[in-house]
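A.B. asks: So Swiss-Prot says this about it:
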BINDING   C96, H138, H142  Fe cation binding site
ACT_SITE  E139  active site
Amino acid sequence: MALREIIIIPDKQLRLISKPVETVSAEVRRLADDMFETMYEAPGIGLAAIQVAQPVRLITMDLVRKEGNSLTEPRAFINPEVISASEEMNVYEEGCLSIPEYYAEVERPKQVRIRYTDLDGNVKEEDADGLFATCIQHEIDHLNGVLFVDHISKLKRAMVMRKFEKAAKRGIKYV
């Protein structure tokens, strides 16, 4: 396992649409292991492969230590997709390892049904609610080039982007 560098806004790679994983290979499993190690070191509860500059549809997540979640163990999700969502919404304060030290309330569907492939190559469907639903939607957004700040007001988003663009120009790195 190896730590990987987490890319930070305004890095344009974060806006890429990640490509599907064709086969669950040793390379994909190694990437997942690296992502878990990187996520724990950061520390965070979820990480999309694009955040470590790998534009493939892979997410790692561990909500075990968080209250209000239905995910009971660390998990990797390959080619995840939301196949249905509740009309009822939930608001959670979200943060992101690619947008350090910034948090905002985001409204998302309270429950979602997801389809994904696990690290053994099995295609699964599962219901997610609470923090699990919020986190999986946040990470799937990353795979589609969408950041959580895209769900907040234009004014707040512009302020956040400006702050990170100025920091990048001055060579300030957030870690």
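Just so you know, glycine gets a Cβ as well, placed from its N, Cα and C.
Quick caveat, the model's predicted, so the values are computed rather than measured.
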A.B. asks: Tell me the Cβ neighbour count for E139 (active site), meaning other Cβ atoms within 10 Å of its Cβ, over all protein chains shown.
C.D. replies: 23
A.B. asks: Relative to the Cβ position of H142 (Fe cation binding site), how many further Cβ atoms are located within 10 Å?
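C.D. replies: Taking every protein chain into account, the count is 23.
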A.B. asks: Using all protein chains in view, find how many other C-beta atoms are within 10 Å of the C-beta of H138 (Fe cation binding site).
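C.D. replies: For H138 (Fe cation binding site), the count of other Cβ atoms within 10 Å is 24.
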A.B. asks: Below 8 Å Cβ to Cβ and six or more residues apart, same chain only. Which residues does that give for C96 (Fe cation binding site)?
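C.D. replies: Y102, H138, L147, F148 - these are the non-local Cβ neighbours of C96 (Fe cation binding site), listed in sequence order.
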A.B. asks: How would DSSP class H142 (Fe cation binding site) in three states?
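C.D. replies: Its secondary structure by DSSP: helix.
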A.B. asks: Determine which residues of the same chain, besides C96, H138, H142, have their CB within 8 A of the center of the CB atoms at the recorded Fe cation site, and list them by sequence.
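C.D. replies: Here the non-site neighbours turn out to be G46, A48, Q51, E94, L97, S98, E139, D141, L147, F148.
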